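Asks: Questions regarding the structure given below will be posed in turn.
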């Protein structure tokens, strides 16, 4: 067992003949001892002495047997040298001389060779003149000594190892260290027992690490062969040096003599340990050190080396890199050849098959067009053999690897066979379906559901599944606010517009549906899984398969509808994730088309009500609700009962002054200048980021650049631009202002600002500012369809056309003297309606405001009260007014009737309505959320 990296294990030898016998003589002194004095005087006075002592040690072994052994050992030296002599005529001449001398006296030749070899070891000048065939001679002699039993042979081996270890630990010459490491590596490669001898004699890992850092690349091979523990390797801080060795793989194109590895291959295997053997944080620290395009490209160059073990390590390291930073995937896809990994797949070694399947599974998590290009490359280079290998994997490997093999097999077969007659598809699909209905909440169930969900979809280059984003766009979701309630998607990603996704989904969907009812029974079980990931993935799979099933005979579509509909309708209810409700609408729309539409009459009143309230989000929900009403007319009963679904508290940062959804996460701005990022899941809320960039209260948020950026305005007179980079919000720009900021709105690259002084400014894409609405003091605003509606302190409302900069008044100032001090404190757009709030809430369609018609809705606040905050969502208007600032009044939008109130538990300082939900932030740092049921 190796000691701590720089500790030394002392020799256990008790003999007094070798250099270690003298307690005052060190390794450095031993290196200067004359070899003749050392061995001739103390150990071997002559060849005759050698023979005699061998006979004594050997007991019954005869002189003839020993001489025969000498001849065999000498012959090995001859053979080794003969292999080297092909490199030049002078070596052939030396070989001839050696053979003549060997025939004359093989015993003397052997002893001479032993003395010559050990002499070189004892003098650094000899090691400095190291030649390649010298390592072979040392190995042969060591091998001969290793086969002999007796103290004297052990002492000879000890001398050889001592000198090599001394040179590695004390020499200042790189050539000497390199020679010593190479010789020691050669010895250990063919004598595994030598590893224990080396450890026993006190090999220090820190000496090998120092050698490696001095560009002695061969030290990587020796470290790998010694096989220290992961903790020991970590303490040596080898990673930068190992990366440099791998980056020099072009210098090691020749395959080494078995069983030796090349230094790049050994380095790669050590890197594999460093990025896989520890906890997630430590592994990621090591991955960050190799996560650069240059290093990654050099790692991928290793694929040109013909080394199976190295390929396995390369596959595992690259998989870890892609999981750590998805952007690596694009570099890997562009640079790496697939042939080495096909070789791994064909290998008889299961670990090689496992590594190859994991590699292809991770790499294929890319946009559909480049994924199909990669599949064609695999199919071309793998030929028919790869399909047979994958079929074997599907049948014989452990379940998780069966799934990976089935996924690859199905995609390759779908790509190859345009007529739909592939011979492997059904078997691959059956494996996936079998795992979907496996043990509940098991990793196998989760993996199979994930594969099924994205078979007909696509990914981003980061490896994130984008199948849901593609489906949601097809469902008609266009609102930026709604899109930002769905997390982890870049809605501007051009890969979402790839037409190849539709054709691929149709093609593979047909093959899946051809299997028949078992597909839908498996999906139905997945929809009812207690594991949230499995049920959601099953819903996603049902959604993309639904596009293709609409082309199948009514009988099959009707059967699928009967099997799936009850499981799908559960995802329609308010309070669930927005994307789940959208996918449920998509499924019902496709599966219930034709004769299946009659199934809608069996929907519960709650489901039909959910469709009605969701009709403002997607046209599919509106159409489904109309069809349900057609088959079974029913007067909707609006439930006014609001149920609290979330509560979060962080009182350390003061009042919550603003709320917004961005990239599927809830952002809260606080009075101390901090921004909290919350992950809301069902009824729980967790802070995942706490951003402290502003110096004073964060007063407002706004989505920017088509929802890809977020703006925060503050009393510290700055606007900060935020973007999600590597899944973390980062401030990318700071815009300085002259006044504290009250409200922000955006349109494309234009930013509109209301200051605390009630001035209104506009910033273009170059961040050049200009004043607008100079004649008015501005209190509130909202942007709708290229126009901005501005509420003023004199109770008037202005409409500004952004493109033409045209300005007109759509509501005149109130002439009554009591109303002149009632500014428009809030202005809200919902669908094609516009609502304003002062002491009265008024609402009409936008075109009616322009025509100066009387408002359709007019709700007067209680006497002496002013509306502070206003929210509108589907059936309800939510009003927060003074002095009852800790409650929200609930009004029915259509009937102008007050139906209740909800208490926030403190003064309400911010309000947000989204996805049938109303959220409040209070001055005590409390967030509460309700939905109407």
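Heads up, the Cβ atoms here are built off N, Cα and C, so glycines get one too.
Pasting the relevant annotations from TrEMBL:
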DOMAIN    109-272  domain 'Putative E3 ubiquitin-protein ligase LIN ARM repeats'
DOMAIN    274-627  domain 'Putative E3 ubiquitin-protein ligase LIN ARM-like'
REPEAT    649-688  repeat 'WD'
REPEAT    691-723  repeat 'WD'
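Have a look at these and tell me how they're positioned relative to everything else.
Replies: Model confidence over the domain 'Putative E3 ubiquitin-protein ligase LIN ARM-like' (274-627) is summarised by a mean pLDDT of 88.
Beyond the repeat 'WD' (649-688), the same-chain residues lying 6 or more positions past its ends with a Cβ under 8 Å from any Cβ of the stretch are 481, 484-489, 694-703, 707, 710, 712, 714, 716, 722, 724, 729, 907, 909-912, 914, 919, 921-927, 929.
Taking DSSP states H, G and I as helix and E and B as strand, the repeat 'WD' (691-723) has 0 helix, 20 strand, 13 coil.
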Asks: Where else in the chain does the repeat 'WD' (691-723) make close Cβ contacts, counting only residues six or more beyond its ends and a cut-off under 8 Å?
Replies: 480-481, 483-484, 490-492, 654-655, 657-660, 662, 667, 669-677, 729-746, 748-749, 751, 753, 756
